[in-house]
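Contents: one structure, followed by commentary.
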Amino acid sequence: MSDSEEESQDRQLKIVVLGDGTSGKTSLATCFAQETFGKQYKQTIGLDFFLRRITLPGNLNVTLQVWDIGGQTIGGKMLDKYIYGAQGILLVYDITNYQSFENLEDWYSVVKTVSEESETQPLVALVGNKIDLEHMRTVKADKHLRFCQENGFSSHFVSAKTGDSVFLCFQKVAAEILGIKLNKAEIEQSQRVVKADIVNYNQEPLSRTVNPPRSSMCAVQ
């Protein structure tokens, strides 16, 4: 085995994405895992699962298991089981929808309850999505930052539509969980806008209206 192979390490992290159904959670997870953006809104029922492997400084390979939890699961019997064992929690809201921000209190209360019963204390990140719609913002940045300071969250603003800061968000969360500091060059390289491709799930318009796509499970090949 070569020195480079010996130095290479592999880790796996469970990242759970929570928030209201229209906050853009699935678009965020899809943008990170596949660098695509689905124009059609599809409600996540229960749970969707995404995978992506990234490399952090120190030749550390990390596979992120991204659990996209359906917005309607709040108060459901399975939510605590989905959250249990997570190393990272992303609380996602739509910056143009104040209610989606207010409802994060309910999501976070579940996280706190589960954390009290778990040996794993997750890193919690507050993610303001849809910054491409800054002109329609209803949640002021100082509200976002105050919520972070009061609860010890890390702070992120992203656009799942343009890809702005999406990879950087997941990269910084993974690095913070593992105690790794990113330098300025690494942050600037990750803070890029990816081209948002429209995902066409069905080539036949008539069939699409009658039989909408039922599966949204995906992983990076």
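Each residue, glycine too, has its Cβ placed from N, Cα and C.
Looking at 68-85, 104-121, 140-157, the range annotated in Swiss-Prot as region 'Switch II' turns out to be 68-85. Swiss-Prot lists region 'Switch I' for one of the ranges 5-19, 35-49, namely 35-49. Lys161 (GTP binding site) and Thr26 (Mg(2+) binding site) have their C-alpha atoms 11 Å apart, to the nearest angstrom. A mean pLDDT of 59 is what the model gives for the region 'Switch I' (35-49).
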